[in-house]
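Novice: Sharing a structure here in C-alpha cells format.
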Amino acid sequence: MPPYTVVYFPVRGRCAALRMLLADQGQSWKEEVVSMETWQEGSLKASCLYGQLPKFQDGDLTLYQSNTILRHLGRTLGLYGKDQREAALVDMVNDGVEDLRCKYLSLIYTNYEAGKDDYVKALPGQLKPFETLLSQNQGGKTFIVGDQISFADYNLLDLLLIHEVLAPGCLDAFPLLSAYVARLSARPKLKAFLASPEHVNLPINGNGKQ
C-alpha cells in the first residue's frame, strides 16, 4: 500500500505541486477523490481540522494545509536545502509563491471577468522577484535555492505553469524563469507526470476558470 494518501477534489488546485514533488521523487501515493456532492454533504468537512482540503496521510500522521504538507515532504525527502541558510531561503521563496498564489486564487474565484486585465498588467511586477532570485543563484542555471531541488521549486513551477495558461507569454520578459520552467519540466519523472492523464485531465481550478 502506498505510504502517502492525498484526499482532495478532482482538480489540480493546491495539490498540483505536491503531486509533482511525489512523482519527481519516485514516490507512490493513493488518491482519494472527493466529489462536490460528498463535500457538500458536510460530514467530511466537519472532520477536517480547518474545514478544508487537502488532507494528507503519511502513515498515522494526518496533515492539513498544502504548504505544511510540502514542508513535511521537504524534510522527509531531503528537499529543504543543504543547511539552515538554504532552508531559510527556501521558506522565503515558498512564502513568496504563496503570496502570488493567493492573489491568483482571489482573481479566479471572486473577480475573474472584471479583474483579469488588471491582474495580467500587474503580473510582471509579481514575477520579477523570482527572476531576481534565480539571477542571484549560480546565474539562474540550477534551482531557485542552492544546487539541489527543493519543495519550493515544485511550488514555484506549478505557479508559473498556471500563469502561463492564464497569460500566455507572461514569461517572455523573464529569460531565467522561462529557462527554469523548461529545465524543471524536462526532468524525466516530472515530464512523464505532467504528460499523464492523471495530471492533464484534471482542471486547474474548481470553477471552470482555466
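Keep in mind that glycine also has a Cβ here, set from the backbone N, Cα and C atoms.
What Swiss-Prot lists as domain 'GST N-terminal' is 2-81. Marked as phosphotyrosine by Swiss-Prot: Tyr4. The glutathione binding site annotation in Swiss-Prot covers Tyr8, Arg14, Trp39, Lys45, Gln52, Leu53, Gln65, Ser66. Here Swiss-Prot flags Thr62 as phosphothreonine, drawing on similarity to another entry. Look at Swiss-Prot and you will find 83-204 tagged as domain 'GST C-terminal'. According to Swiss-Prot, the feature N6-succinyllysine maps to Lys103, Lys116. Per Swiss-Prot, N6-acetyllysine is recorded for Lys128.
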Novice: Using C-alpha positions only, work out which of the recorded positions Gln52, Lys103, Lys128 is nearest to Lys116 (N6-succinyllysine).
Specialist: Lys103
Novice: Take the C-alpha atoms of Gln52 (glutathione binding site) and the residue listed as 'phosphothreonine' and report the distance between them in angstrom, rounded.
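Specialist: On Cα coordinates alone, these residues lie 13 Å apart.
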Novice: Which secondary structure state does DSSP assign to Gln65 (glutathione binding site), in the simple three-class scheme?
Specialist: coil
Novice: Pop the Cα-Cα gap between Leu53 (glutathione binding site) and Thr62 (phosphothreonine) into the table, whole Å please.
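Specialist: Thr62 (phosphothreonine) and Leu53 (glutathione binding site) have their Cα atoms 12 Å apart.
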Novice: Are there any residues at least 6 positions away along the chain from Ser66 (glutathione binding site) with a Cβ closer than 8 Å to its Cβ? List them or say none.
Specialist: Arg14, Cys15, Ala17, Leu18, Pro54
Novice: Count, for each of the recorded positions Tyr4, Tyr8, Trp39, the other C-beta atoms lying within 10 angstroms of its own C-beta, and report the residue with the smallest count.
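Specialist: Relative to the other recorded positions in Tyr4, Tyr8, Trp39, Trp39 has the fewest Cβ atoms within 10 Å.
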Novice: Among Arg14, Lys45, Lys103, Lys116, Lys128, the recorded positions in question, whose Cβ has the most other Cβ atoms within 10 Å in this structure?
Specialist: Arg14
Novice: Considering every residue in the domain 'GST C-terminal' (83-204), what is the mean pLDDT value?
Specialist: 98
Novice: How big is the gap, in Å, between the Cα of Lys128 (N6-acetyllysine) and that of Gln65 (glutathione binding site), rounded to a whole number?
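Specialist: Lys128 (N6-acetyllysine) to Gln65 (glutathione binding site), Cα-Cα distance: 27 Å.
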Novice: With DSSP as the yardstick, break the domain 'GST N-terminal' (2-81) down into helix, strand and coil residue counts.
Specialist: 35 helix, 18 strand, 27 coil
Novice: Rounded to whole angstrom, what's the largest C-alpha distance between any two of Tyr8, Arg14, Trp39, Lys45, Gln52, Leu53, Gln65, Ser66, listed as binding glutathione?
Specialist: 18
Novice: Between Leu53 (glutathione binding site) and Tyr4 (phosphotyrosine), how many Å separate their Cα atoms?
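Specialist: Cα to Cα, Leu53 (glutathione binding site) and Tyr4 (phosphotyrosine) are separated by 15 Å.
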